[in-house]
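Undergrad: Structure provided below as structure tokens; questions to follow.
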């Protein structure tokens, strides 16, 4: 009987559930909700898939079935509704590729509980009415492009989640934020542009568990009221400008599990309160100004898993109680002032996997106890004064799980051990650079089949490069530069599997600390945050290698950098090198190479740095988009080369003797050819005459063909001028040729990204710059004309104006206004004589002008224009040093040689944003990234990248960011312009530059924000 009752109950429950489901599916929108959704839809730039939009009849009324919408009946919500309509309670439209504005009509959805629009491209401001929805529980607008001030009048009594992470809100965080949020659990305002201090009223959010304020411009100290948030489990304050001491009241946050205060300006001692924080598993305080010893409570924390105190001024001995710290997995204490020996008890921290002790002066050896360090996977002792490399390697080989080992700048002038019994079976990354080590490449490395990255550069290693390196199938980065290796390049290196195809690509190890490479007393270091940041590279430069360059190098399609500079290589440059389709840098300079430069190299569409200087090459220099951008220095020291970067090429006259002999041998062939040609010509003329007579007799003339012919004839002789009010003031191609001496090399004033630029003085005395776009532009004449006319309409005081265009042979000529002071690149990097370089006021004015020009292209010009190649050489200066952007929009006029390279990917190494490596679509935020690099050039006076340099900072961005985290900003700035009077202004510009360089495009500012920020910087007199 009991069983029967259960069955009856189950049947009834199932029946009721079915009724509820049926009723839910049949619900239709309340008329007010329907209008609100219509208003929301009209604010978007495109329709939503799954929404039944009908222009003629408005919406389909059955909106409760639409994608992303959940409804409840008005009765179930306790509403008095005789029609029992469906009320919208959830709007879940995250990751729907939405763009446009968030309509204020959404605020009319008065029963809405969840509004989730995360990861779209919505923009504009947030209406204050949206923050007065009394039933709203979740508001997630994260990862969009919303901007403006955040509304200060907030009345959301039911709200549990407020997430506006990764937008562009600015101004103060509203002081009243927490006044009417009694149920709030999560507040995430990170990755915006909020400034000022953390409001005192934050303490009123008594129920909050997650508080994210990271990556803003917040300053001042942490308000004491924040430490009243006893429910707080996550506090994220990193990447701001917060300062002052860290209060001991921190211990009141007893539920805190994650605390990140890194990259701020906190100072003083770290409070000794960690025994009270017995749930804290993540603590990062790196890149602050903390001093004193590590708190004992921190060294005895049973809960800590990740501990990062890198880049402070902490002192004393490193002490960790591994008996207590049973959960510790990652330890980063690098760049501090600790003293004493390496803690020998660390292997007793049984879960510890990654250790970074870089830049700590131990002056000691690696403890014998490390043989028992079985949990260790990543270890860095870079620049830590470690001694006895033989002992170190013998001990560390016993760490069976070790995958990453960095020992740079230690063991000075010791000998790299060659004991064949050494084994590192799981090692993936080995960096022992800048140690002046003696010896050879040790055979024991062949016992590391998983090796992906090997850097033994800047040592004194000798002998030959072993062929077995080519059998390391995972190796994608090999740097043996600046040693004394001899012999041929092993042929086996041309078959490295990880460089042949993407199918053989390997997953990079990801330790929790940065790598520092090639750092010694002569130059700053180059930082890589992950092994995957290293470009696929073979660098054998600055050795004594001989023999030829293997043609099979062309099989390495994934290789980005091939540097064979400063060796004794001979023979020809193989044409097969054009197969390295991903190559960005090719340096073969300072060798004994002969023959010509293979024309096939023009197919290397990504090639940004190229040098064959100081060899024995001859013949014409290839022409093409990439080769026209390389400086003359790339080809100097080769007397036999000719072309646009060297002396003009001429047809060599044969000697009289040789000519006479050839003439006697071929006289019969010449007579035969002449007779045959004559007869053929007579025949063709006869046929042509008959066709003309036949056509004329019929009176047939194709007007369209005649118009095309006339247009081509006109285009080849005349110059189309824009904005020319004087119709009598015409310009002909003859005028252009005369003004440039038929494009004589002496008139070249620049090598732009799309062709050579010539200076010309027109018959009326006007100076102009003429850009010669060589080769096929990939467009018909009419398409080209339409594009050029569009560009000519871009008129702004900070743009180089396009004055006209014409055809010349197979080339297109663009005529621009002339800028007397040349490029910013010249003034920052090339000017060596005359008056001093640009002062700070001028540099700031140039930055402002360039920003205004870019903002015009992005926001005011119709149609909007992406520049795609912002760099210092594309910022030209007038006689009064007013900045003018050049080369905007030219990417649409040029098609590269390879079809796999789109016009969107045009750019210059050092300026290309990181996301362009994964996508083929250029964006406005990509231009902003490149502008950030230019700001760094203005601040530092340094080029963004010079991969071919054997020393120095190759990557300006990495160097600046590292110096910034170490609070060494004053060392970043160009000494010519840096002084205390301008320090604050320069720091502000540096902050703007770093904003532009954010890895996530959505976190970068708009160009209008750039203009506003730069204009608000007051220049000291």
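A Cβ is built for glycine as well, from the same backbone N, Cα and C atoms used for every other residue.
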Undergrad: Hey, which of 321, 821 does Swiss-Prot call N-linked glycosylation site?
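TA: Going through 321, 821 one by one, Swiss-Prot flags 321 as N-linked glycosylation site.
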Undergrad: If Swiss-Prot is the reference, give me the range from 610-630, 631-651, 652-672, 673-693 marked as transmembrane segment.
TA: 673-693
Undergrad: As a test of reading the model: what is the averaged pLDDT for the repeat 'LRR 3' (110-133)?
TA: 93
Undergrad: Where residue 321 (N-linked glycosylation site) and residue 311 (N-linked glycosylation site) are concerned, what is their Cα separation in Å, rounded?
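TA: Residue 321 (N-linked glycosylation site) and residue 311 (N-linked glycosylation site) have their Cα atoms 22 Å apart.
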Undergrad: Say we define neighbours as other CB atoms within 10 Å of the CB. Which of the glycosylation sites 132, 204, 383, 482, 632 has the fewest?
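TA: Sparsest of the glycosylation sites 132, 204, 383, 482, 632 by Cβ contacts within 10 Å: 632.
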Undergrad: By Cβ distance under 8 Å, which residues at least 6 away from the ends of the repeat 'LRR 13' (373-397) in the same chain are close to it?
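TA: Same-chain contacts beyond the flanks: 334, 346-347, 349-367, 403-411, 414-417, 419, 422-424, 431-432, 435, 437, 509, 511-513, 515-516, 519.
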Undergrad: What does the structure give for the C-alpha distance between residue 482 (N-linked glycosylation site) and residue 576 (N-linked glycosylation site)? Integer Å is fine.
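TA: Distance between the two Cα atoms comes out at 27 Å.
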Undergrad: Taking helix as H, G and I and strand as E and B in DSSP, count the residues of the repeat 'LRR 12' (351-372) in helix, strand and coil.
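TA: The breakdown for the repeat 'LRR 12' (351-372) reads 5 helix, 3 strand, 14 coil.
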Undergrad: Select the most exposed residue of 311, 321, 576, 592, where exposure means the fewest other Cβ atoms within 10 Å, treating these as the glycosylation sites.
TA: 592
Undergrad: Using only C-alpha positions, which one of 132, 311, 632 is spatially nearest residue 204 (N-linked glycosylation site)? These are the glycosylation sites in the record.
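TA: That would be 132, nearest by Cα distance.
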